[in-house]
Amino acid sequence: MGLCDIFKSVSDNHSCLALTLSAVGAAVLVGFGLSFVQFVLQAFVLSGHSLKKYGAKNGAWAVVTGATDGIGREFASQLAKAGFNVLIASRTQEKLDTFASELQSKYSVSTKTYAIDFSRRDTEAYAGLAAIFEGLEVGVLVNNVGKSHDIPADFHEIPLIDHEDIVEINVNATIKVTRLIVPGMITRRRGLILNLGSFAGAVPSPMLATYSGSKAFLSTWSRALAAELAPRGVDVQLVNTYFVVSSMSKIRRATAMIPLPSTYVRSVLSKIGLQGNYTTPYWAHGVLAYAMNFAPSAWLIKYTLNLHKDIRRRALKKREREAAAAKKE
């Protein structure tokens, strides 16, 4: 082969490589563009399934756990407003009764209450819950009840009972309640199960390790369960959630990124079915989740660790101020 032939071969190879890289780059850009358009449409334009698909205004019931405060209370209210009868479950019977009366008076729906401590492995309590479910056509289940660490802390410094409670409430209670309700949904070939997730389940969260792990479980479990139940007419969605104003988050002031429970729940119920079985329905949370797709995992974990260190520092200082103020009184 002559020198001219060699140069021609190299030139041809470079042209082929350049063409291939250009094609790959174009495909990546097109994919990015399509995913961005899809995100914008889902977040700001499109609406999800009508709740009538699950029996709203047709005698069906919605079951909400952890229903007397925050996000759970708002789910119960908005589902009642949409035309569901509502069964609310939480720890305190007095609060349940008061809230149930409010729902009946405001929305003219039927209500049932069930007092249960989801942190306890109480076989009799779940048997009582099962007995109530037997007579109800449950169209929607909202697995809202949850527990987090009081403040971020290193794993070994947190009492074992706190770890156990988080797993029992976030994981075991969700499994147990869902197991009681799913057979009826399958029989009717209709149902919606919403499992409240967290960004802590999407990004390993140091200093909230057990809570983070429990929410990661819900993410995987929800998607697996969704694949099982979809052919049987039952929709399952993991609702990925960032901060919301609530007693659990200890945040009192709403912002665009941290909505009130009413705003948050409205977004969830208006986007049912749009994003498959793993959803981030509130628009600002969706923007954050979309951006996180492009961040290195190691950086996200380190950022979360530093964030939680700062939250802990400020929480401890607040406790010190409160203790000092109490001594002066």
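Including glycine, each Cβ sits where the backbone N, Cα and C put it.
Bear in mind that TrEMBL entries carry predicted annotations, made automatically and left uncurated.
Pulled from TrEMBL:
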type	residues	note
TRANSMEM	17-46	transmembrane segment
TRANSMEM	192-211	transmembrane segment
BINDING	S198	substrate binding site
ACT_SITE	Y211	active site, proton acceptor
TRANSMEM	282-305	transmembrane segment
- Query: Does anything in the same chain, at least 6 positions from the residue listed as 'substrate binding site', have a Cβ under 8 Å from its Cβ, and if so what?
  - Reply: Y211, S212, K215, N240, T241, Y242
- Cβ neighbours of Y211 (active site, proton acceptor) where a neighbour is any other Cβ within 10 Å: 24
